[in-house]
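J.: One structure, as structure tokens, below. Some questions next.
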Amino acid sequence: MGIWECCELLNNIVDESDPDLDEPQIKHLLQTAEAIRKDYPDEDWLHLTGLIHGDTFPVGCAFDESIVHHKYFKENPDFNNPKYNNKYEGCGLEKVLMSWGHDDYMLIVVFLFLATVSATCHENCFIKQVVEQIHLLRPRSGAAGYRLEVANCQSWRLAVETNNIRNWKMVPGECENYVGHYMLGKQYRDDCEIVADLAIEYAKSLTLAGDGKDIWVFDIDETTLSNLPYYARSDVLFGAIPYNSTLFNEWVAEGTAPPVPASLRLYRTLLPLGFKIVFLTGSSQRLKASRASNLKAAGYHTWEKLILRGEADEGTAMVYKSNKRTELVNSGYRILGNMGDQWSDILGENSGNRTFKVPDPMYYIA
Ligand SMILES: [Mg+2]
């Protein structure tokens, strides 16, 4: 049975628990999916979720008035029980218990389907690694259940990517959802793919000397390896919570970051063209072993140099990276390409004949 036939069949079923008996079910499914498409045009998975969505609400606390058909809760014994009428605020989504209903069967079916798809992914499958570490329910509203009004987060992101906003410490709270959806959605992947396309076009246009001195410099975090499984965590919130170096270094030490797929494609194209690869990262020298094994596990199996920040390396990321590139140039290397997610990767001395910037609206490094 196809999904449309399934919707038509559902249309013939009268759900007595549903107060919307006057409207055909199919109309409700389409209205929901179309409303989501309007707000999130690039998130095709979310359109499908709207089409097959169910209804649920938090329990164990006061029923919020923004819950659809709130008036029917008056029939529920919990409505007048003082034990269940406190306000839950700032307790974290993991501590919230949601109601169980017929729609949850659908959740289980979809979840089992995703688990099957995920199980057939090969070892380095980006989707598999990201999906496994993301909480099933992501909040899309404030603590009181109301949609937050935002400054224009798309304009904020554009200002970040163009280096018009500098030295910012955190993703604005009201843009946490926006950044999360962007990073997990198709737009981020497409934005990275076009950077790789342009870099490949440029690399193929060059004639290399063939003396092993033509290099391509790659940054690591959010350029060749993705920390999205870490940034999607509820204690990180895509950078909307202050940066915690201890937590981040613990995650890096695990050495399980997946590749940024577009950058891995670029890397795989550069090698047979004769480029030597240099990874230049602000990670501490102490993390060398886990960084190296992570790169290999993610598919970056060889490189000319892996440069990490040592105790003696001083200055901002831009100064440190400029110094390291200058050392490379002084030892005879030619930097033909340089790619990073931070402006500090691609500004400064000896930045390379051409630079490429991949998106990163989650953090800023000077
Ligand atoms: Mg980086």
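A Cβ is built for glycine as well, from the same backbone N, Cα and C atoms used for every other residue.
For reference, TrEMBL lists these features for the protein:
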type	residues	note
BINDING	HIS28, HIS53, HIS102	Fe cation binding site
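Tell me about the surroundings of these features in the structure.
T.: For the recorded site, HIS28 (Fe cation binding site), the DSSP three-state label reads helix.
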J.: Return the count of C-beta atoms lying within 10 angstroms of the C-beta of HIS53 (Fe cation binding site), excluding that atom itself.
T.: 17
